[in-house]
Amino acid sequence: MKLCGVRGSGVSLMRSSNFPCFRAAHNGGAPTATRHQSLCGRCLDSHMGAGKRWCFRPLLAEPRRYGSASSASTTDAATAPVHGEDLYVSHYAIPEDARRLVGTPQLLPRNPAEEVAFKKNLIRSFPQACIRNVSVVAHVDHGKTTLSDAMLRFSNLLPADGATGTFTDRLKVEKERGITIKAQTCSVLLTVRETGTQYLVNLIDTPGHVDFQYEVSRSLCASEGAALLVDVRQGVEAQTMAQFYAALEQNLTILPVLTKMDNVMSDAEVEKTLLQLEDSTGLLSREVILTSAKSKQGIEQLFQQIIDKVPPPRGREGFSDMKQLPAMHPDSADRKKVEKELVPLRALLFDCWTSESSGMTDGAASAPVSTVSSVSSGTTAASGGQSVAKDGIYGLIRVMDGTVTPGTTVTFFHSGKKHEVREVGIIHPTLHPTAALTAGMVGFVFFPGLLKKDVFIGDTLCTLPTRKHTMRVVATGPPETASRTKPATAAETASSDDASGSSGSSVVEPIPGFKTVQPVVFAGFYPDEGVYITQLREAVDLLCVNDPSVTVEQLQCPALGPGLQLGFLGFLHMQVFKERLLMEFGQTVLVTPPQVQYMYVEQHGDPDDPAQRKPVSVSNWRWPHEGVGAYLEPFITATVLTPSEYLNEINSAALSAFRGEMQEMRVIDGARTLVRYRMPLADLARGFFSTVKSSSHGYATLEYDDPTYMTADLVKMDIVINKAHISALSTICLRHEATTHARRIIGSLKENLLRSSVDLPLQALVGSKIIARETVKAYRKDVTAKIHAGDISRKQKKWNDQKKGKERMARRSVGTVTLDQSVLAAALGATTAR
């Protein structure tokens, strides 16, 4: 075995002068990447001595490790991790690229006169047989975005010689947090060298966190295949299985992919992960694709598997509007023939954005100058002078049947409203206008002047080419009420048309939408001092176009004024939304403590029946005497992965302060421990996440699954200041914790409220019962300062007059106390303390 001996610190290569066996072969000097010789253990032992370790890596001239020979270098060896005498020859080497595929990006011509012809040729070259739609799904931090970036570089959309980054993470908050929040689409053009066949591969990079599972479900609806990524060292994790089952529900072709093969230390790690994947999903080990995004290996094989195994779309092809054809005489035979061949447009709207919340502003920053048009304010300007306008809404669609072009008037199925399409195109890798989007393609459409209230994610965009075409009447409301199934095939669509054709008309069916998602975390958002609620409402509405899973309701608080109650899919979702409000719209907001979604059932109801459960909150609270049979509290399974030295502190806090129950604990790799707790979602909101981060100095990670509901003894606690209810401080808690919780809030208010000319009573109520009370004493003037001697009755008279005056002032100032945001923020912080 030829070996490269490298110091564990990664400082430099060993010099041969220290080793007789090496010196005899090389006559001194430092070895290079191509001049390594065998080193005997005797020389190493005599030079290093006991207790010192070296890193050994087999040369790529021998049977390969996890990579190709082209990736070998002295720098790679010098930075290798230390693993002592773990010498091995990999049986899971990544195959070298066959160089059968080449990226052929099609650039907009600089000459405006050539642009129209270019757009037409771009579409003509892509029949459905040459289109592939694939979503990239995985657990958190398993390498989805990095692999997507490497795929874009392989296809020449990004510089091939650049370092692999995170191009598809376009939002500022994504770049700062280092996670994917929004699913991003990019169309890749590949050509087979042998045959010259060109393929259009639409890649959708999806988030991995459970809070953004709604993004994943929408992306899967627009795909025929899913690349299921698994980190070779982490193995199969919770979201891996969640994404697998989501893809299975959609009847998608699943391609298993192992990522980060450059981090592997032994074959045992690969074999363990392959066994996990096969046992948990049934995907065969021999079908797994090995990749390394950082070294850009295995990318061509992944693309080849996408082309070979993912089925092409099967929609009905054809024009969908007479405006898409040259002008014809109304009574001509050619026109009648063409009208019979028109195919109604059916397109699934699975994402929307505005120029303010697009995340496309920095899209061209890292792309080659020759391949990306100028990007400004979320819009892409074509080289020919045309630009995608800003004042409107962009929609990301998957065309099922027909064709959509600029100027096509489409009907939104569930609202029945018609809007004209101004621009269409693909994302390549930024907004890239084309002449049309045909059946099977994924691309964007732009609607000028479209209002947010007219847009429903999951709606069907359609056209009625002739009078014989009609739309099926559906119930009004958001389209997310139906569960998504596999897109109808051309045969199924044709059979539907045949069934209705006997009556002389053709019924256009809507595309099934997405499953309804219920928010699990609620928080009140109030504008910063000096900011009007209208500005906050406009910013929230624009952001909700891009994030439709957020629910919005109006709030009115006597202390804070008007606000909004927003519902989110999780705590990370709430934090990200708040950060996007600040980064994209400059809105600083005061956020009340997050409240989880509690449920109740009527008297004589079954708590185990989800159909009988109804949501309850502080705004619509009902007591048992009002017909409530039982309250239900959400519980989650929290998974903590922490360095072992921090385990005791985290475990103690989880069991004692956050009502956690340990379900599982296992050592991962000798240095890290995985622990699973069953705990209330409310306790997670009140500070368990912060405790995990602070106890582990930021090294531990925490994830949780979807909540399940269990019965609990809940009460609503109200805070009253000077006889005025402060709705922002009302909360739902367990009955036995209400007193402790109340004293903490009342104590914080007493410390931070400014004194006034009258006493301010502070009360915490459960129903009509006072469970905690404090008083902020009023300022008192020393009315006896000028009385130096004499009868005490003179002083008592002054004191009594002062007391009566205070009582008169108190009667006039009932409920008129004004809270500064700093005071309320301190009280809100007390609600999350343990």
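Glycine is no exception: its Cβ is also placed from the backbone N, Cα and C atoms.
These come from Swiss-Prot:
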TRANSIT   1-66  transit peptide
DOMAIN    129-314  domain 'tr-type G'
BINDING   138-145, 205-209, 259-262  GTP binding site
REGION    475-507  region 'Disordered'
COMPBIAS  488-507  compositional bias 'Low complexity'
**Request:** Give the sequence-ordered list of residues that share a chain with H209 (GTP binding site), lie 6 or more positions from it, and have CB atoms under 8 Å from its CB.
**Result:** V140, I179, Q239, G570, L572, E703
**Fill in**
In this structure, the one of the binding-site residues A138, M261 whose CB has the fewest other CB atoms within 10 Å is M261
**Message:** Are there any residues at least 6 positions away along the chain from K144 (GTP binding site) with a Cβ closer than 8 Å to its Cβ? List them or say none.
**Reply:** V136, V137, A138, T180, D205, T206, G208, L229
**Secondary structure of H209 (GTP binding site) (DSSP, helix/strand/coil)** = coil
**Item:** CB contacts for T206 (GTP binding site) [other CB atoms within 10 A, all chains]
**Value:** 28
**Complete:** D141 (GTP binding site), Cβ-centred 10 Å count of other Cβ atoms over all protein chains shown, is 18
**Request:** Can you check how the pLDDT averages out over the domain 'tr-type G' (129-314)?
**Result:** 87
**Asked** What three-state class does DSSP give A138 (GTP binding site)?
**Response** strand
